[in-house]
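> In case it helps, Swiss-Prot gives these features for our protein:
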type: BINDING; residues: H56, H58, H112, D133; note: Zn(2+) 1 binding site
type: BINDING; residues: D60, H61, D133, H171; note: Zn(2+) 2 binding site
Amino acid sequence: MIQIDALPAFSDNYIWLLQDTAKRRCAVVDPGDAAPVERWLAANPEWVLSDILVTHHHNDHVGGVERLKQLSGARVCGPANERIPGRDLALDEGDKVDVLGVTFQVLAVPGHTLGHIAFFSDGPPTPVLFSGDTLFAAGCGRMFEGTPEQMQPALARLAALPEQTEVYCAHEYTLSNLRFAKAVEPTNTHVQQRFEDVTRLRAENRISLPSTIGLERLTNPFLRTSETLVKQKADEWKGHSNTSHVAVFAALRSWKDTF
């Protein structure tokens, strides 16, 4: 059984630490900074870092990769279509990778970057998703490289995963995302309740993650483009009717970019 903990980095990044407590082996996801991982390993000298998983090429996700590989000899697994430092295993849609005895399916989710991938395991005991900067808690990443035609289907695909799937995204953006979700759906009681819950967590300096796919379906406007009120708000923002899920998504994303 794998334990998952967050190692905070920079101002709002999370490096996810996967731990096989029986074998004292661990892996990390998107180590943008080596220092938090180095500190953990120094405090736990009996542990071995075996794998580094990377979702995309942005420096706040890969900045610590080469240092950690040099220190530990860990295998670096990342997207085939992006330049990932120290990469040993190039991964693309449909590939599978075994990490700490867990098999992860690789999902291509372009949009934030063109080669962005996510890692999904259906368990046991619980399905987990490492979504990088594609799906956030109550939000999604900006489209730095991709298009709405790429990103909306990618998000819809993640939304179709089992509702109990735990979502481990890479940033603590939940509260600001929920402020936007409240503007899009002011009458959504699930959004309001989540906003209150996350406000309490952050006031106590506690993290708001993981989320679940089920919770995202209820509260994430970027997964709710078929909802009448969401479409109406997107139409108001653009000043015309958006006639497809992609168009509604594009309107929401452009609104959020300036929110």
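Each residue, glycine too, has its Cβ placed from N, Cα and C.
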> Measure the Cβ-based neighbour count of H56 (Zn(2+) 1 binding site), defined as the other Cβ atoms within 10 Å of its Cβ.
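The answer is 28.
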> Sort H112 (Zn(2+) 1 binding site) into helix, strand or coil using the DSSP assignment.
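Assignment for H112 (Zn(2+) 1 binding site) reads coil.
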> Can you tell which of H112, H171 has the least company, meaning the fewest other C-beta atoms within 10 angstroms of its C-beta, among these binding-site residues?
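So among H112, H171, the binding-site residues given, the one with the fewest Cβ atoms within 10 Å is H171.
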> Sorted by position, what residues of the same chain at least six away from H58 (Zn(2+) 1 binding site) have a C-beta under 8 A from it?
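Residues satisfying the criterion: G32, T113, D133.
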> Return one of helix, strand or coil for D133 (Zn(2+) 1 binding site), based on DSSP.
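In three-state terms, D133 (Zn(2+) 1 binding site) counts as coil.
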> In whole Å, note down how far the CA of H171 (Zn(2+) 2 binding site) lies from the CA of H56 (Zn(2+) 1 binding site).
14
> Can you tell which of D60, D133 has the most other C-beta atoms within 10 Å, given these are the binding-site residues?
D133
